[in-house]
Structure formats: C-alpha cells, structure tokens
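Asks: Provided herewith is a single structure, encoded as structure tokens, for subsequent inquiry.
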Amino acid sequence: MVRVAINGFGRIGRIVLRIAMKRDGIDVVAINDPFITNDYAAYMFKYDSTHGRYDGEVTHDDKDLIIDGKAIKCYQERDPADLPWGDNDIDIVIEATGVFTAKDLAEKHITAGAKKVVITGPSATAPMFVKGVNDDKYTSDVTVISNASCTTNCLAPLAKVLQDNFGIEEALMSTVHSQTATQKTVDGPSKKDWRGGRTASANIIPSSTGAAKAVTKVLPELEGKLTGMAFRVPTVDVSVVDLTVRFAKDVTYDEIKAAIKKASEGEMKGILAYTEDAVVSTDFLGDTHSSIFDASAGIQLSPRFVKLVSWYDNEYGFSARVVDMVELVSKA
C-alpha cells in the first residue's frame with residue numbers, strides 16, 4: 001500500500017482524493033492546505049457544484065478529515081519543507097497547489113521526508129509524463145515528475161496516434177476551455193492578461209495556452225510543428241480540443257477514424273476513447289478518459305488537411321491521470 005499526501009485541497013486536490021479512495025493500493029493519509037480549516041475541508045469535499053454530493057459519510061475533528069470512517073490527517077503549513085512527511089512515512093506527495101510547480105520547489109516535499117512528488121500541472125523544470133504517450137520512459141530514479149496539463153493530456157494521445165499512423169506535417173490547436181478558478185467573476189485587474197480579467201460568466205475569452213508546446217516535450221518529433229491557443233468559455237466543466245492538421249501523406253477521414261478507434265480499444269484503452277454519437281459537453285461530466293474523439297464532429301478539406309475534435313473533462317479526467325501517475329511512480 002503506497003502512502004500518499006495531497007498538498008493543496010482545491011478543485012484538483014479534492015477530485016484526486018475522490019478517485020484515489022476508490023483505487024486499491026493507494027492510501028491517502030494526509031492533506032495540507034494552509035487556507036482551509038478541517039470543517040471547511042469536510043464541507044467542500046462533501047458538496048461539489050459540478051460533480052455532485054459525495055456518496056458517503058464525511059466528518060472531521062480537530063486533527064483529521066474523516067471520510068467513510070477513514071481518518072486523514074490535516075495540516076495548514078505554508079512551506080512544504082515544514083510538513084511532517086517523514087513522521088507520516090509518506091511515499092508520494094501529490095503537489096496540487098499550482099504554486100510549487102518548479103522542480104526545486106516541489107523537492108521541498110522530499111526535504112520534508114517524502115520519497116517522490118507528482119505535480120498536478122505543467123512544469124518548466126520537472127520532467128513531464130503523459131499516460132499512454134511517454135509514461136513508459138519513466139525510471140525509478142526520477143523523484144519529481146509533472147503530469148502536464150488537462151489539455152496536454154487530451155491532445156497528446158490524439159497527436160501520437162496521428163503522428164504514428166500518418167505523420168504530422170504541421171498542426172494548430174484551439175481548446176475551447178471551461179472557466180477555472182483563476183478567472184474573474186466580474187471585470188477585475190489582470191496585468192499580464194488584460195482579456196483574462198474580464199467576467200468569466202459573460203464572455204468568450206481568447207487566451208494563450210502552453211498545452212501544445214508541452215505536447216512537444218512528450219512527443220519531441222512534433223517540435224516546431226504544433227502550437228495552439230485557448231478560448232475560455234462560460235461553462236463550469238468539460239472542454240474540447242479542436243485540432244487542425246496537415247498530414248505528411250494522403251489519408252481519408254475513415255482511415256483516421258479507424259486508427260483512433262483501434263488505439264482506443266488497444267494500447268490507449270482507458271486513456272483515449274471514441275464516439276460517433278451526437279454528443280455535447282455535459283455528456284462528458286465525470287468521464288475519466290483523457291481524450292474522447294468525436295468522430296462525427298470532424299471535417300476534411302483535402303486528402304492531407306483535416307479538423308479533428310476531442311472532448312475532455314478537464315477536472316475529472318485529468319485527476320484520474322494524476323492517480324494513474326501515482327500508481328506508475330509507486331511501482332517503478
């Protein structure tokens with residue numbers, strides 16, 4: 001049984017806990033969040049506006065969050081180096097604050113006594129691994145890894161199938177992305193991104209994203225061939241990747257569909273999914289796949305030029321991959 005701690009009990013931290021508690025072999029024994037008291041942690045875990053009420057018993061005391069009778073120790077330390085991970089025999093820390101994404105900052109958990117760290121977001125300095133794409137390259141000597149971003153986890157499996165089967169000459173990605181906690185409820189200051197400071201619930205907001213660039217980190221053969229942007233839209237969850245691709249050789253849309261369907265039933269089962277149904281975004285709430293290819297939504301202009309569409313629950317699907325990475329790291 002791998003002993004796990006979660007640092008940061010926000011959207012991803014709480015959903016990761018929901019998923020981890022259903023996995024055999026993972027024991028979440030501690031949570032740290034300096035901004036949340038135990039009673040508030042219990043409330044936020046129990047009630048979720050997007051994914052619904054937790055189907056179980058949630059209580060707390062002065063020291064613990066108690067879920068279905070299981071006590072999870074709670075701490076409120078600002079500096080990860082001050083956490084008692086050694087005293088708690090923590091094997092892996094899930095770094096979910098969005099603050100300690102740099103490798104040297106995440107290593108504070110190791111200073112505190114943990115053995116390894118999985119960062120729930122892209123990192124400029126820690127190696128990134130995407131399930132189904134390059135996770136087979138992970139080696140046990142690597143102590144800090146990044147699980148990349150929700151959008152990278154959607155795009156990378158799709159891009160890998162396309163690259164392996166047809167060769168990508170160049171590609172542009174747009175993600176139509178649900179609003180997140182970094183956005184504003186009303187117009188407010190956002191010095192680095194003026195548009196990002198506009199009211200999230202009233203606007204479609206063009207934005208930058210590092211997701212496409214991150215894909216080239218896990219698929220180096222696409223370096224210089226892929227970039228992208230985002231549109232933030234007023235939905236609470238579920239996003240969709242729009243990928244426009246120029247292939248290196250002629251291909252039919254049926255061949256593209258067949259290759260993706262084959263991968264979804266084979267080496268990428270559980271990661272990449274395939275549908276021909278007339279779906280919309282809410283159909284994917286709670287979906288644990290990284291990427292769900294929408295075969296009936298794509299279009300083709302010429303034998304080498306196509307637009308492909310793939311959905312993802314940017315909260316639940318990504319959180320499922322975080323837990324997968326914990327399992328990978330624990331077994332390596």
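Quick reminder: no glycine exception, Cβ is built from N, Cα and C everywhere.
So Swiss-Prot says this about it:
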type	residues	note
BINDING	ARG11, ILE12, ASP33, ARG78, ASN314	NAD(+) binding site
BINDING	SER149, CYS150, THR151, THR180, THR209, GLY210, ARG232	D-glyceraldehyde 3-phosphate binding site
ACT_SITE	CYS150	active site, nucleophile
SITE	HIS177	site 'Activates thiol group during catalysis'
Asks: Fill in the CA-CA distance, THR209 (D-glyceraldehyde 3-phosphate binding site) to ASN314 (NAD(+) binding site), as an integer in Å.
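Replies: For THR209 (D-glyceraldehyde 3-phosphate binding site) versus ASN314 (NAD(+) binding site), the Cα atoms are 14 Å apart.
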Asks: Among the binding-site residues ARG78, THR151, ARG232, ASN314, whose Cα is within 10 A of the Cα of HIS177 (site 'Activates thiol group during catalysis')?
Replies: THR151, ARG232, ASN314
Asks: Of all the binding-site residues given, namely ARG11, ILE12, ASP33, ARG78, ASN314, which is spatially nearest to THR151 (D-glyceraldehyde 3-phosphate binding site) at the Cα level?
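Replies: Checked the binding-site residues ARG11, ILE12, ASP33, ARG78, ASN314; minimum Cα distance to THR151 (D-glyceraldehyde 3-phosphate binding site) goes to ASN314.
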Asks: Applying a 10 Å Cβ distance cut-off over all chains shown, what neighbour count does SER149 (D-glyceraldehyde 3-phosphate binding site) have?
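Replies: I count 23 other Cβ atoms within 10 Å of it.
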Asks: Taking Cα atoms as reference points, rank the binding-site residues SER149, CYS150, ARG232 by distance from ASN314 (NAD(+) binding site) and give the first.
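Replies: That would be CYS150, the closest of SER149, CYS150, ARG232 to ASN314 (NAD(+) binding site).
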Asks: Where among the binding-site residues ARG11, ARG78, ARG232 do you find the Cβ with the fewest other Cβ atoms within 10 Å?
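Replies: So among ARG11, ARG78, ARG232, the binding-site residues given, the one with the fewest Cβ atoms within 10 Å is ARG78.
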Asks: For the D-glyceraldehyde 3-phosphate site (SER149, CYS150, THR151, THR180, THR209, GLY210, ARG232), what does the 8 A shell look like? I mean other same-chain residues with CB within 8 A of the CB centroid.
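Replies: The surrounding set, listed in chain order, is THR175, HIS177, ALA211, ALA230, SER239, ASN314.
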Asks: D-glyceraldehyde 3-phosphate site residues SER149, CYS150, THR151, THR180, THR209, GLY210, ARG232: biggest Cα-Cα distance, Å?
Replies: 16
Asks: Please state whether DSSP places ASP33 (NAD(+) binding site) in a helix, a strand or coil.
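Replies: The residue in question, ASP33 (NAD(+) binding site), is coil (DSSP, three-state).
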Asks: If the NAD(+) binders are ARG11, ILE12, ASP33, ARG78, ASN314 per the record, what's the largest distance between their Cα atoms, in Å?
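Replies: Overall maximum Cα spacing for these binding residues reaches 27 Å.
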Asks: Roughly how many Å separate the Cα of ILE12 (NAD(+) binding site) from that of CYS150 (D-glyceraldehyde 3-phosphate binding site), to the nearest whole number?
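Replies: Approximately 11 Å lies between the Cα of ILE12 (NAD(+) binding site) and that of CYS150 (D-glyceraldehyde 3-phosphate binding site).
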Asks: If you compare CA-to-CA distances from CYS150 (D-glyceraldehyde 3-phosphate binding site) to each of the binding-site residues ARG11, ASP33, ARG78, which comes out shortest?
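Replies: It is ARG11, whose Cα lies nearest.
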Asks: Starting from THR180 (D-glyceraldehyde 3-phosphate binding site), work out which of the binding-site residues listed here (ARG11, ASP33, ARG78) have their Cα within 10 Å, and give them in sequence order.
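Replies: Checking Cα-Cα distances against THR180 (D-glyceraldehyde 3-phosphate binding site), the binding-site residues within 10 Å turn out to be ARG11.
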Asks: Based on Cα distances to GLY210 (D-glyceraldehyde 3-phosphate binding site), point out the closest of the binding-site residues ARG11, ASP33, ARG78.
Replies: ARG11
